[in-house]
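*Asks:* One structure, pasted below without further comment.
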Amino acid sequence: MASSTGDGVSEKGNNSKKTKSQMEESELLSVPDGWKEAPFTKDDNPRGLMEESSFATLFPKYREAYLKECWPLVEKALGEVHIKATLDLIEGSISVCTSKKTYDPYAIVRGRDLIKLLARSVPFEQAVRILLDDMACDIIKIGTLVRNRERFVKRRQRLIGPKGSTLKALELLTNCYVMVQGNTVSALGPFNGLKEVRKVVMDTMKNIHPIYNIKTLMIKRELSKDTDLRSQSWERFLPKFRHKNLAKRREPKKKSVKKQYTPFPPAQPENAVDKELATGEFFLRESVKKRKKMEEVKVKQAEALTKKQEERNKAFIPPKEKPLMKKSAKVPTEGKLDIEALKEKVKKAKTKRLGAPPANPAPSGNMNKKQRSKTKKKR
């Protein structure tokens, strides 16, 4: 009994240790609200850099006018971090390099990102934010992801959305600035946001509509507000979208069935001598063979003659004649004869005959001169 109680106590102790270790890990992983890393100052590196580093990038011709206008502001912004910048309009390139006063070793990398963003049509007001500590940038190349040019343009437009609504929603959810230009997508913002932006862009180029990813981002944003759900898995809350292939592939009429693979070669085809041996014709005399061949030829000739005779006789077969008389309409026998109507018809027929007295004779005294003259002429 003592041993059993001891085991129970030890199990409880192990469980409590596990829960404590899990709590410590979650505390280490989670960053407290409002915490910021201390900025890198000159006191951290008073001696400066040992060697000079430099980066250069090319820019398109249409970007030349804008860079001329904003170049004094670029030099001023990079001068605060003690980095020199040069604009070469003949070669069409921008270059940045460190100086003796540069103390931050990562400043040159930020200067490189700044000139890259300026070359990719990002405005200076947004590109200058890369010099801050909590900012990063990502230039996503989308030109080679889709082969067909028309399909690529459609998917790129789908990422922008009607009047830029999809792009604006993505910017609000990720806290990043996104710029779609030519064959690249430039994103500027915090690291977590850049990861989400890259995922949405790559999925859009793979024919997955950005609205699905935007929906998941909205749910994640609401879940992150709850302190209890931060350390839990969010898979049960996130929607699962299935791919629906509406346009099915047309099946061919004649399906070719693949034969089962066998390592042995196919059987050798039979020779004419082998066929004769199988039927027994090989052992017959030549006269008998000739007679058989003649019989076969005669049978074939007889069949051909009968076919030709049938085709000739077709011309002498008279065609079917159509009936000349049309079928008279059947008189309805069910209806009874109208005697009064027949009487009226007979009276009208009598009046039409020449010399027949009228059906309603008028008085002789009242006859006009014209009527009398008409009667005389008729007589």
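Glycine too: its Cβ is placed from the backbone N, Cα and C atoms.
Because TrEMBL annotations are produced automatically, they should be read as predictions rather than curated entries.
I grabbed these lines from TrEMBL:
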type	residues	note
REGION	1-47	region 'Disordered'
COMPBIAS	34-47	compositional bias 'Basic and acidic residues'
DOMAIN	136-206	domain 'K Homology'
REGION	246-272	region 'Disordered'
COMPBIAS	246-258	compositional bias 'Basic residues'
REGION	307-379	region 'Disordered'
COMPBIAS	307-324	compositional bias 'Basic and acidic residues'
COMPBIAS	333-344	compositional bias 'Basic and acidic residues'
COMPBIAS	369-379	compositional bias 'Basic residues'
*Asks:* Using DSSP, how many residues in the compositional bias 'Basic and acidic residues' (307-324) fall into helix, strand and coil?
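*Replies:* Computed counts for the compositional bias 'Basic and acidic residues' (307-324) are 8 helix, 0 strand, 10 coil.
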*Asks:* Taking a Cβ cut-off under 8 Å, which residues six or more beyond the ends of the region 'Disordered' (246-272) line up next to it in the same chain?
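*Replies:* Residues 278.
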*Asks:* Just to be sure I understand, if DSSP states are collapsed into helix, strand and coil, how many residues of the domain 'K Homology' (136-206) fall in each?
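*Replies:* Reading the DSSP string over the domain 'K Homology' (136-206) gives 40 helix, 17 strand, 14 coil.
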*Asks:* Using DSSP, what is the helix/strand/coil residue split across the compositional bias 'Basic and acidic residues' (34-47)?
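*Replies:* Result for the compositional bias 'Basic and acidic residues' (34-47), in helix, strand, coil order: 0 helix, 0 strand, 14 coil.
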*Asks:* Could you tell me the mean pLDDT over the domain 'K Homology' (136-206), as a whole number?
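*Replies:* Residues in the domain 'K Homology' (136-206) carry a mean pLDDT of 93 in this prediction.
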*Asks:* Using DSSP, tally how many residues of the region 'Disordered' (246-272) sit in helix, strand and coil.
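*Replies:* Tallied per class, the region 'Disordered' (246-272) gives 1 helix, 0 strand, 26 coil.
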